[in-house]
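Asks: Here's a structure for you.
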Ligand code: DX5
Ligand code: ZN
């Protein structure tokens, strides 16, 4: 067993935007974080929600917010999401001019700092930056849309990051995002992920809270039963 619980973060991208507060309440008590996908129609083709929605929703729930910024110029915009009370703010490595400086600014504004790596970006060039971050988000699809098919080959990046975290004794969550569901979460957990975003698998289910609990149970039993040479389960983090 890992000492620290695994994180399951439902993505509201798959929720009914006309009833966002109700959709969030549906996972209260089950979800660890609420994953909020911010897309700007530039960094990715899709357009979703932004700061005003985060500010309003923040008042409607106590679940910690995990904001995933798929936007250009995060150096300009990301701190606003920390100031709005987000628990964690993740921006993309491909978009940031000064990732380490921005991580410092996010922490100074009161949130955790996350670095995201899209499908076609190798993780190796960013490993040395990880001491400045609390979260590394590894996309398991191409960022931009929910409901895509999980790409198992991208778990090689999770394994590489987990080895690096274990060897450097870093306190860092490794989060996976895209196509995480009942049939894929165990592989992601075995590869070394300890935070799991799930949109369709949660909000497409008849009972979203039950879906969250089932996902967590599958990930937890995968880690408990299968600590491997990848290092999965050998480096529990204490950060929630
Ligand atoms: C896509 C977003 C994901 C998305 C995942 O770019 O970052 O968070 O909501 O959706 P599913 O779980 O349906 O793949
Ligand atoms: Zn996301």
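Cβ atoms are placed via backbone N, Cα and C, with glycine included.
Feature list, courtesy of TrEMBL:
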- 11, 68, 144, 145, 146, 147, 177, 178, 179: substrate binding site (BINDING)
- 35, 37, 68, 177: divalent metal cation binding site (BINDING)
- 37: active site, proton acceptor (ACT_SITE)
- 177: active site, proton donor (ACT_SITE)
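Help me picture these features in the structure, burial and contacts included.
Replies: Following the DSSP three-state reduction, the secondary structure of residue 144 (substrate binding site) is coil. Shown in sequence order, 39, 44, 45, 46, 70 are the residues of the chain, 6+ apart in sequence, with a C-beta less than 8 angstroms from the C-beta of residue 144 (substrate binding site).
When Cβ atoms from all protein chains are considered, those within 10 Å of residue 177 (substrate binding site) total 27, not counting its own.
Counting Cβ atoms from all protein chains shown, residue 37 (divalent metal cation binding site) has 24 others lying within 10 Å of its own Cβ.
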Asks: Measure from each Cβ of the binding-site residues 68, 144, 146, 177, 179 to the atoms of ligand 2 and list the residues where some distance is under 6 Å.
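Replies: Correct list: 68, 177.
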Asks: Within 10 Å of the Cβ of residue 35 (divalent metal cation binding site), how many other Cβ atoms can you find? Include all protein chains, please.
Replies: 28
Asks: Can you give me the same-chain residues 6 or more apart in sequence from residue 179 (substrate binding site) with a CB-CB distance under 8 Å?
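Replies: Spatial neighbours, sequence-distant, of residue 179 (substrate binding site): 140, 141, 148, 149, 150, 151.
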Asks: Write out the long-range same-chain contacts of residue 11 (substrate binding site), meaning residues 6 or more apart in sequence whose Cβ is under 8 Å from its Cβ.
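Replies: Those within reach of residue 11 (substrate binding site), by Cβ under 8 Å and sequence separation of 6 or more, are 35, 36, 37, 146, 177, 197, 198, 199, 202, 203.
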Asks: Please list, in sequence order, every residue of the chain apart from 11, 68, 144, 145, 146, 147, 177, 178, 179 whose Cβ lies within 8 Å of the Cβ centroid of the substrate site.
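Replies: Leaving out the recorded residues gives 13, 37, 141, 143, 148, 197, 199.
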